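Per TrEMBL, the features are as follows:
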BINDING   TYR57, ASN164, TYR204, GLU280, VAL281, SER282  L-histidine binding site
BINDING   GLY87, LYS93, ASP111, ASP139, PHE140  S-adenosyl-L-methionine binding site
DOMAIN    20-316  domain 'Histidine-specific methyltransferase SAM-dependent'
Amino acid sequence: MSPFRLTRTLPEDATGAALRADVRAGLTGSPRTLPPKWFYDARGSELFEEITALPEYYPTRAEREILLARAGDIAAVSGARTLVELGSGSSEKTRHLIAALGGLHTYVPVDVSESALAGAGRALAAERPGLEVHALVADFTAELALPDTPGPRLVAFLGGTIGNLLPTERAAFLASVRALLAPGDALLLGTDLVKDEKTLVRAYDDAAGVTAAFNKNVLAVLDRELGADFDPDAFDHVALWDAEHEWIEMRLRSRTAQSVKIPALELVVDFAEGEELRTEVSAKFRQEGVRAELAAAGLDLARWWTDEEGRFALSLSVAR
Ligand SMILES: C[S@@+](CC[C@H](N)C(=O)[O-])C[C@H]1O[C@@H](n2cnc3c(N)ncnc32)[C@H](O)[C@@H]1O
């Protein structure tokens with residue numbers, strides 16, 4: 001069994017304050033929005049894992065296919081001794097990469113979901129004797145204090161999670177990732193690609209209703225954490241393709257005119273019948289756009305790999 005450490009960089013209260021600030025800003029603004037990070041309590045993380053196995057949800061399978069084919073190349077180009085993974089969740093696909101990184105000294109999974117981190121971190125430490133696993137409960141959109149570990153460093157950001165950030169947020173995020181790297185260190189980035197609308201919408205609106213349950217889970221988080229009285233059954237799950245921005249939007253549409261109380265914020269939110277709350281944006285990418293966004297942050301695209309069907313891309317870029 002290897003060493004396993006879990007550090008909470010977010011004090012309990014900081015998370016609560018951030019949730020309150022996000023919910024107040026998001027529900028009093030127009031249109032109403034909530035940031036997707038609040039989906040991921042223990043139940044949300046479980047539901048996301050169920051989504052990754054759905055027949056309609058191709059991104060996980062496509063990204064795993066690329067990782068299996070390219071893990072050796074990634075190891076050769078990066079020579080990583082420290083692997084930092086942002087939004088690591090179950091770390092399930094990362095196992096293939098860790099197995100290929102022969103000289104790896106430390107794995108640093110970073111996630112807001114403590115339950116996902118604890119499960120994945122312990123399993124990995126048990127599987128790979130000699131590998132130090134130092135899990136960080138942290139928000140990857142805030143400044144990260146990484147443990148002092150040997151270079152070269154490889155930062156992985158998989159699952160297409162970068163698409164959940166809006167373009168201006170992505171630019172700030174990539175700049176902050178660049179700041180974690182020394183020249184020659186690398187970023188491994190998973191990006192879902194633009195494709196036909198039907199395939200995209202189905203991936204976010206599955207027949208079994210798991211994505212709908214995941215979407216509504218954010219209301220359960222607000223009910224539990226803020227004492228709100230959202231009734232998840234009073235909202236419909238909506239997934240639609242925005243062709244102008246080339247992103248999927250997940251929304252919750254109010255079935256009726258209703259008032260929701262949020263005692264922790266001393267707030268009452270009135271929803272009109274049919275009014276929508278945006279809960280997630282999931283941008284889809286093209287190679288030239290990814291190259292340009294990386295370059296603007298000081299990262300040079302070195303490799304671009306897709307799955308056989310060209311649905312998803314993994315890119316490796318190197319810090320200037
Ligand atoms: C779409 S899932 C991807 C999980 C995994 N990387 C994969 O590829 O299957 C997004 C992950 O990022 C985490 N997450 C979302 N927003 C975050 C944030 N702001 N800071 C840290 N983790 C976050 C979630 O808890 C979840 O585990």
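Every residue, even glycine, has its Cβ placed from backbone N, Cα and C.
Since we're looking at a predicted model, the values are computed, not measured.
ASN164 (L-histidine binding site) falls within a helix when secondary structure is assigned with DSSP. Distances between the Cα of GLY87 (S-adenosyl-L-methionine binding site) and those of the binding-site residues ASN164, GLU280, VAL281, SER282 are shortest for ASN164. The binding-site residues examined here are TYR57, PHE140, TYR204; by Cβ neighbour count within 10 Å, the least packed of them is TYR57. Cβ neighbours within 10 Å of SER282 (L-histidine binding site), excluding its own Cβ and spanning all shown chains: 21. Checking the binding-site residues GLY87, ASP111, ASP139, PHE140, GLU280 against ligand 1, the ones with a C-beta less than 6 Å from an atom of that molecule are GLY87, ASP111, ASP139, PHE140. In the set ASN164, TYR204, GLU280, none of the binding-site residues has a C-alpha within 10 Å of the C-alpha of LYS93 (S-adenosyl-L-methionine binding site). For the binding-site residues shown (ASP111, ASP139), fewest C-beta neighbours within 10 angstroms: ASP139. Counting Cβ atoms from all protein chains shown, GLU280 (L-histidine binding site) has 23 others lying within 10 Å of its own Cβ. Residue pair ASN164 (L-histidine binding site) / ASP139 (S-adenosyl-L-methionine binding site) shows a Cα separation of 14 Å. Those residues noted as binding L-histidine (TYR57, ASN164, TYR204, GLU280, VAL281, SER282) have their most widely separated CA atoms at a distance of 16 Å. Across the structure, TYR204 (L-histidine binding site) and ASP111 (S-adenosyl-L-methionine binding site) are spaced 22 Å apart at their Cα atoms. Under 8 Å, Cβ to Cβ, and six or more positions away along its own chain, VAL281 (L-histidine binding site) finds PRO36, GLY163, ASN164, LEU166, HIS245, TRP247, ILE248, GLU249. The maximum pairwise C-alpha distance among GLY87, LYS93, ASP111, ASP139, PHE140, the residues recorded as binding S-adenosyl-L-methionine, is 21 Å.
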